[in-house]
Ligand SMILES: Nc1ncnc2c1ncn2[C@@H]1O[C@H](COP(=O)(O)OP(=O)(O)OP(=O)(O)O)[C@@H](O)[C@H]1O
């Protein structure tokens, strides 16, 4: 067969080459078509037909009817059935040993699930039926490798679009015999079996067939007719035009669809020339049309109609291709947008750099850091300078996007931002300092004195350093604010940080640079913040320093504060020594006992005990009220808080040692007044504003007078004075003077008035008087329950004095008997007493028994009575030995059924032998006693010195007794004139 094919092919080839006329005759429409498509695919073959003939002979076989038609066409003949016959007859001169394709009139029927097979196209199919597969192999062996390929009809009632391709393939071999026969489309293709590998059978379409009848059921074998295209005139303009339109459309689609380009390439290489029918088949086969549309093209034997059908399909393809292109373009644009941006940015950077407008990141940073250190290069320690230089070099070598680069940049940022050797000029003017301290704080003489001493030493030495001042005292006594004043007095920058609850050493000493997000410690942050190397640093709440889980913060603070060590303070992050010796540290604490020993040891403690009522009055009047008034935008003339009201506020609302609560209450009063003014302003606004703007002066004065009078009337009832701003219309000025006054200042005041009216605040406002009668309207009912719960202490009750972190306070010791019986004497304790206080109560019981024995031997009270001793304020834990003398007195009072002296309070630890030992917090206790209207206080003799040091105003009006033995207390408590009590 091959031999025959070759000879036939070569014969045809040579005939073409040899005969020039024949070559001229190749200028047919077929050649034009081929050239058009070849130009689309970019084929470089000069004469594709030459190669095409070899391949045509090989692939499509010279026995093809279509092939014959092509040859006929190529030779300029009309494609008539006769031509086919002529060709057949010409070939019949060679006697074939194997049957030619047109001889196959009975073929095995292969069902195609997806698409029909077009002549000239390959199609691999999977044959799952073993019997059919065996029959195909057998026919291949018998050198008769042909079968009929027919498209399978859709199952009636089932939407083909919802059946998946694999399902279709699976079902296809379930049909057998008649059933399969009925499901096949009548028109199919004679297919050459080119290879069988496993289940895969590769078919090449040859010519159209039509089934006529079924011959065998399994494998399905059918009789077929070979179909020929209807004769057509190849010079027909309409056919030509249609085919050119098909080609033009294909060309457009091919431009965008690379898959199609491959198809055309393969087709032109392997199948050869195009003619009109082939062009139609080709277009339909490569289009994405559905199987029925393709089958329609296959069934169409009228070439013109077939071309039309194909044109429809490729046009549709064209539309799809356009949509596909736009989708692809949109997605591409989206993706490339980012890239473009990046590219443009890079270009911009490069251009800027080229023009010298901008240096790259690294250079810019280096320049920035160098500029920072340049002015103080001499002041920066050599070691630090060296580190900076090393890091700057490192920065240049690092990749800008690396994490190491960022670490180095941050490090340099900190290192160069510190105020190396920059000091604020310290002021050692003692008088000025005194003025500033007095300006900010009332009283606190000890503290101020200590600070002035410190400044004086600094003046003499030329430098103030080396001391850590610790201000201790209850909350709200001004520890923090005095720290701020000291900074102002010394002209140092102020920085405050609280170490309350601080448990991480890294907060003080910084993190090592190796950690992600590492930061320097508070001290380095402080220096960067204040910008000078000699600030005043206030370390707040040092007594509440946390107990560290990662290192001991107290030790880290020690390194920070200790004048011996802090000249070379090493922060973990900076890793270069920093000189903190010029920093003045001031610490604050509520209870100094809680400060770690080594730290306390380095501090100079200045105690602020709290304020007595008198001091609070001054603070409230001269400082708190003033500050609050300003912060609320109220003028001095607009409000009057009477002394009585202030006193009531202090005594009934704010009895704690500090003044923070007092400040809050004053703020409350002023806020309420501010609201009242604004409301009033809104009400008065319209009439007043009308009068004030643009009215003649006389009229204005008149109206102002009238408004004054009317307000006055209403105010008499409300205990609120009417007030008109003095600079506009003084209240006490006679009406005839008003004219002159207003004339003089009319111009400047007009502007002022307008401004006020614009702000919505009326000129005429009422002066608010805050008195004891209306105090509750501003601050509510007193929330403070008096410490003094007995006007006159009953039998068994004595007032003691205690010290707490909140300041001093009075406390009662109460004793009562529960049960009586021979030898039943015992003591039951309540009131959340600590161990020391419980022991103290036991001691008191013993001492009281001894004293009673001595004073009244017949009295068996302590032996026979079961006693209950209680210290009220049961919710507050109490401890300490200083209530010893109070407990004894309470027990004896009950035993003797005699109340103690009126307005007496006492404090002191007692030994078993009745000796009185000293106690702490004399000032706080004295202040607390005064708050509770105590007249007589008993202190241990050892505390006399402390008491004598107290300011006279604290001691004022108090009768104080200092005792060594309990017997003295006994006399003071019980030997009094009954008429006095
Ligand atoms: N002697 C005083 N003269 C004027 N104002 C004072 C005086 N004592 C305290 N103050 C004011 O009281 C307010 C509270 O003071 P500050 O905050 O300093 O108290 P503190 O002792 O630091 O309290 P804490 O222990 O709770 O921190 C501040 O507004 C302060 O100005």
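The backbone N, Cα and C atoms fix where each Cβ goes, glycine too.
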TrEMBL annotation (region 'Disordered') - matching range among 39-68, 69-98, 99-128: 69-98
Residues flagged as region 'Disordered' in TrEMBL, choosing from 709-731, 732-754, 755-777, 778-800: 732-754
Packing count at residue 882 (active site) (other Cβ atoms within 10 Å of its Cβ): 26
Spatial separation of residue 882 (active site) from residue 925 (active site) - C-alpha basis, Å: 11
For residue 925 (active site), the number of other Cβ atoms found within 10 Å of its own Cβ: 30
